[in-house]
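Novice: Got a structure for you, written out below as structure tokens; questions coming shortly.
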Amino acid sequence: MANDFLFTSESVSEGHPDKVADQISDAVLDAILAQDKYARVAAETLCNTGLVVLAGEITTTANVDYIQIARDTIKRIGYDNTDYGIDYKGCAVLVAYDKQSPDIAQGVDRASDDYLNQGAGDQGLMFGYACDETPELMPFPIYYAHRLVERQSLLRRDGRLPWLRPDAKSQVTVRYVDGKPHSVDTVVLSTQHSPDITQAQIREAVIEEIIKPVLPAEMLKETKYLVNPTGRFVIGGPQGDCGLTGRKIIVDTYGGASPHGGGAFSGKDPSKVDRSAAYAARYVAKNVVASGLARQCQVQVSYAIGVARPINVTVYTEGTGKIPDAKIAELVQEHFDLRPKGIVQMLDLLRPIYEKTAAYGHFGREEPEFSWEATDKAAALRAAAGL
């Protein structure tokens with residue numbers, strides 16, 4: 001990529017229909033893990049006008065009220081009025097869970113290459129990424145896209161902008177100069193709203209109360225603001241679009257700044273490497289950058305179903321590494337256990353922590369639940385590299 005360019009990332013709020021689905025799926029997962037931490041869960045959700053469908057595969061000893069979990073999640077998000085697109089009190093909830101296939105279970109429970117360790121729940125490839133564009137070691141565009149819709153939710157909930165409704169989207173286009181963020185070129189923010197507010201009022205409030213308090217002032221240089229560019233956004237949420245689990249995988253990760261292996265996260269227990277190995281790859285990449293070994297780090301891992309050890313662990317630093325990428329990859333394999341069971345133990349993943357991850361990004365959030373955001377291995381990596 002050239003050193004001078006524009007790059008765009010987007011995010012969506014907790015009230016976006018796909019994120020409603022993600023949060024219900026992860027709320028189901030959390031409720032099960034709270035009772036049965038070794039459960040096998042693949043919980044999918046569809047939500048439309050007045051309807052929620054729960055399907056997938058679950059094998060557990062837990063006793064869970066799935067219908068109530070779906071309603072409680074919709075209520076927490078803020079859909080408590082039929083005018084908003086769905087109402088937690090009146091929506092229909094259909095439950096259609098099966099058990100995990102025994103053919104899959106036998107490979108997960110006992111790895112073909114390591115009797116003592118859990119095999120991967122499926123084949124697949126996963127990526128982790130980190131860079132020094134923000135203190136959280138995330139790409140600038142996706143980090144601030146998340147913060148914009150997060151603030152929209154805050155102002156909706158605390159009543160400062162009472163005409164806001166739960167559904168919203170943001171998009172941030174950043175101008176890079178010499179490969180580094182220089183300024184914000186364009187901000188798009190679309191927010192669902194009550195019908196009794198004018199476009200002019202929405203535009204002024206969004207720019208002054210949401211955008212400017214979030215984005216660094218020094219980055220706002222001739223920035224273009226596109227606020228509700230269609231002119232009206234009253235119909236939203238699951239009424240405006242059908243929501244499905246796993247349809248916001250770029251929002252969930254790095255906003256397009258890194259490749260994606262294709263596997264979604266929400267609703268999946270940690271035996272699914274789509275989720276756990278992607279978290280581990282972020283953990284690795286963040287520690288590499290935090291150690292000073294590179295300014296950018298992309299990590300790819302891949303697995304075969306029923307096999308514990310990753311097929312490959314590949315590191316790419318885009319020319320920013322202090323030592324060769326192959327040497328960094330060797331250090332990674334020495335300092336991180338990337339077998340599925342090793343990942344679960346390393347990151348303490350058998351906890352009911354996942355509903356919080358299902359909106360505003362799985363990465364770049366330094367909260368206690370996000371163990372994969374720790375940089376506790378940076379010093380050891382730096383020492384091992386001789387820096």
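These residue numbers are counts, starting from 1, taken along the chain as shown.
Quick reminder: no glycine exception, Cβ is built from N, Cα and C everywhere.
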Novice: Checking feature assignment: region 'Flexible loop' per Swiss-Prot, candidates 12-22, 100-110, 221-231, 364-374. Which range matches?
Specialist: 100-110
Novice: Rounding to the nearest whole angstrom, report the longest C-alpha distance spanning H16, D167, A168, K169, R232, F233, D241, R247, K248, A264, K268, listed for ATP.
Specialist: 36
Novice: If I restrict to non-local contacts, at least six residues apart, and a C-beta distance under 8 angstroms, what lies near E44 (K(+) binding site) in its own chain?
Specialist: A21, S25, L54, A55, G56, L244, T245, G246, G267
Novice: Given the binding-site residues H16, R232, K268, which one has the fewest other C-beta atoms within 10 angstroms of its C-beta?
Specialist: R232
Novice: Among the binding-site residues listed here (H16, D18, K248, K268), which has the Cα closest to the Cα of E57 (L-methionine binding site)?
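Specialist: Result: the closest of the binding-site residues to E57 (L-methionine binding site) is K268.
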